[in-house]
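Among the features that TrEMBL reports, Mg(2+) binding site is placed at B:Asp84, B:Asp86, B:Asp88. The Zn(2+) binding site annotation in TrEMBL covers B:Cys85, B:Cys101, B:Cys108. Taken from TrEMBL, the feature domain 'Phosphoribosyl-AMP cyclohydrolase' applies to B:37-110.
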Protein chains: 2
Amino acid sequence: MTQTDTQAEAVLAAIRFDANGLVPAIAQQHDTGEVLMMAWMNAESVRETLATGRVCYFSRSRNKLWRKGESSGQTQHLKQLLVDCDGDTLLLRVQQDGVACHTGRRTCFYRAAGEGGLTETVAPAVSPEALYGHTHG
Amino acid sequence: MTQTDTQAEAVLAAIRFDANGLVPAIAQQHDTGEVLMMAWMNAESVRETLATGRVCYFSRSRNKLWRKGESSGQTQHLKQLLVDCDGDTLLLRVQQDGVACHTGRRTCFYRAAGEGGLTETVAPAVSPEALYGHTHG
């Protein structure tokens, strides 16, 4: 999916960015409904995502655009971008290549509240070292 | 689902609340996978949600606990609470009674980016007046 600049501006006009110029964006696998992750976008990353069809977030920790998959290869292809009723949250329906989580799991939501606090519900599909091409520590 | 206080504290310890003491929480219909809404929780609302099994958010506009459905009757029953990899987002898998959105739609995400900007993808299931027992304007 791509959008012309004019179309992107119409979408941007409906988004209520916060005081930092950011809006939370939920990524959901388009066909299974699995919620993969939540990250943040600024106007520039929304424009790039609509123009390229590849999801681009804004990294708050690195303070720059974060083209999902640029280091890991785990790209998100946009199928549909939705804006919520009051314009302060986005839902990105995507085709996730590989895994969404930096831990090597398909989804970032792998810890569930249960009897003893949190329990892991999803095992890693790949090792983080395989994703990022180096070992840690 | 209910949790003892001790179990709730173990969950809370894994959550990284923001500078305002809040964390974004995504509500997803547990069986269909539909993403219904995103709202915010503070520690007290997480505790209440785990203790009662009914979803309680924190309303930033009203600056108080927001027991979902308290005025509309559209309650969310918690099936599972998940914490993401870095602890700064929650995913609530719920049974949504009726509709999640104050516009009378099942989901708050009913506006999709398309050819001409945003188009509505979901029609209201009930009127807001029916939900809140009064007319506006």
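Even glycines carry a Cβ here, placed using N, Cα and C.
A map of TrEMBL features onto the structure.
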residue: B:Asp84; record: Mg(2+) binding site; contacts (Cβ under 8 Å, 6+ apart): B:Leu90, B:Leu91
residue: B:Cys85; record: Zn(2+) binding site; contacts (Cβ under 8 Å, 6+ apart): none
residue: B:Asp86; record: Mg(2+) binding site; contacts (Cβ under 8 Å, 6+ apart): B:Arg16
residue: B:Asp88; record: Mg(2+) binding site; contacts (Cβ under 8 Å, 6+ apart): B:Ile15, B:Arg16, B:Asp18, B:Val23, B:Pro24
residue: B:Cys101; record: Zn(2+) binding site; contacts (Cβ under 8 Å, 6+ apart): B:Leu36, B:Met37, B:Thr107, B:Cys108, B:Tyr110
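Its own atom aside, the Cβ of B:Cys108 (Zn(2+) binding site) has 26 Cβ atoms within 10 angstroms in the protein chains shown.
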